[in-house]
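Colleague: Sharing a structure here in structure tokens format.
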């Protein structure tokens, strides 16, 4: 039964969440509208009476002036012949050294700066600004800024009165409840920050709960006709918040963001709600049901009964809004976040040299979620919200806030009789009776620039308010609002359409293709339908090959095919006919993709053509595969004249703990034992607590070569570039070319009249060679055209001073890309049991082999056993440029004995990696980046993903260095032991443990 109820409630909640996520703008606006209506009714019921500016009237019958004869009335018409007087308090603020003006018909109030005015009621409207000497006293607007000080004083006074009449235990209990409530509110922001939202979702959480409270209060007072005392609300709601809190919304947000990918936000939210309905509703259901039962049976305790009813309604509304309003806000936040991230991703790809079509394809396939937003956006949100609340508070300033409430009339009224004796002393009772209307206080301040400005503002606002109430303008505004909602909903749907992942597009294309095949007829000169529909290239094995053509066909001559080519109808030709045009030299190999408008078909045709041109029948077989590959990402980005793809085995090493987090490291290699050896190193490193890494530098370089007519000019240019003025000028020019690349420093070198300039820049999460090259070209152009170096000649944008893909001391010394140091401590027993070696032997081997041996060979950056093995394997698996293995493999491996344990480190100053652009846009390589959790641009910290990938590469090198050196040292130990035994007269047999160690070491490949 419980399972059935849970499933039923889960299905209903899931349906509501799905509908809300599908139409978030509509749900948010509808909810806000309903809550606004409820708010107005609650405002009028609870606050309106307290802030009303209505006058209070009293009547005294003719006869005696007895004070007890005054009675409060609401209808003047009952005493038409009575004298009607008005009483109001005139309060003068910011008096300073000014004199209080003397006004006829006034007497001294309780305060020195207060005058009480008594005039005929008909004359009160003529009382306005007062001119006294050189000072003009102006009436302050009821919503003045100084009201907040009076508000605070009023609140403190009321608080003191409540405390005086309350028990000590009650005070402590309520104070504790308020503290817990505030703690829960603050905790919401910290919890949402952990989920990736610094501000917005926490605010929506509190807003949703506030909406639930307003709706529940309106339901009680207007529908159920149950009046909730204000005191019960102020004392009871904190306990309710303290008990229940906001965990349901935090839980829902966490459940959604645990998903690493999202194909459809609506489905994701619906699924998360269904799977977590029990957890989300449990506390609300139990507590709400208890309150509801209490409201039914606690009839003798009216206060408890009505508050229990209110609490039950609050919890019910909170659950409903969680599955509707909050789900809609969350969906809208996710949709906007995904669109923003993909837009930035596409911009970075295009800046890195990827064509717009390929960048669009890649970004649409990226399915990462992000709730985060930049600091600037958050600041804007906070500013907007603050302005809204400030304006709201300013306009809804009450009489008890600005000093115009009943407390201001304390000099005129008394708690029992209504009018104070001090006031009635100045009132004479007429022959037909007297009516006295006590009016709100009037605040006077000296006229000044600030007051004049506020008067103008309020005048304009009043005019705007009046115009809004105009029948024609109000209808126009309503139409404009509806139009705005419609447009925003349209734009959201359009953005969703452009953000549909590639996998969904492929499925739709397949369905369309299958449908078209079943109904389409083939014209005379039209090939089979599959040649006209763009092939799926991610998972489909359907081929554009000749084998799939329907029936035999009679090939046309080259001349006929050439005529069709000139007419621009190459797509109507069969594959063999297109290949014949290529063989005949009528159609270039590189133009097939453009002419056929189908990248997969272009690969098929190119294979046929090369098979004939090179007499390579192997391309007519499947030995070099080509099916099932996304050539749309390859064309214009990764390769030209494509004829297939080269499968390479991919293994995984790990998990290896890097800076406290485990990683499974993909390695694409054809070298046996490499993955197994790295695995052993990972095991030993994990046993010691994992790897600790440090990033010491991050900057990609490009070193152009320029020349001048004379050495003097070349030297002057070098000095200028090295100066602060020249550096700042070039930095400004360079940074203007990209949103992501930022110039860090410039290094120059002079050789004769040749000047080499080494630009070092950050490039975000891209490896960045294309990005930096664009910036360098513009900077050199700026130097020539704007900076006064018009005699400078650019020899090459890359002058080998970078240095890229070549051994160079400058990369080893200055660094290039990411400079990483990785270290691990391996306990001595782990060295013996896992690595089958000895700490001192490893230290000695490292010094002899990696340090002295490499120095003897004159190595530059090669003070390691086989760093290039791991760098290349990880690069191939993750879509990096394998040719950059040359400088990326710069590494020095150090080992030392610390307290009997082995401390090993690798220092790699020039790891060149990126997580966007290049080969990372290919789906297999992108999948391996997903495995590591670093695919694409980092949502909040540009460059963080690329830096983390560099740390992973260095850690993998560390594991492989440790394992290989251990294998080498193990063999060295056994050989030394055997040599030592041969020194004796009788050769003693080798110890069994040494023999076992030798056998184990023989299993580890020792390619160093």
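Cβ from N, Cα, C; glycine included.
Curation does not apply to TrEMBL; its annotations are automatic.
What you are looking at is a predicted structure, and each value in this text was computed from that prediction instead of being measured.
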Colleague: Looking at 413-432, 433-452, 453-472, 473-492, which one is transmembrane segment according to TrEMBL?
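Modeller: Per TrEMBL, the stretch marked transmembrane segment is 473-492.
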Colleague: Of 89-110, 111-132, 133-154, 199-220, which span is tagged transmembrane segment by TrEMBL?
Modeller: 199-220
Colleague: In terms of Cβ proximity under 8 Å, which residues at least six beyond the ends of the transmembrane segment (284-301) contact it?
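Modeller: Residues packing against the transmembrane segment (284-301) from afar: 243-244, 248, 308-309, 311-312, 315-316, 318-319.
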Colleague: Who are the long-range neighbours of the transmembrane segment (171-192) in its own chain, taking Cβ under 8 Å and residues 6 or more past its ends?
Modeller: 163, 198-199, 201-202, 205-206, 235, 237-239, 241-242, 245-246, 250, 253
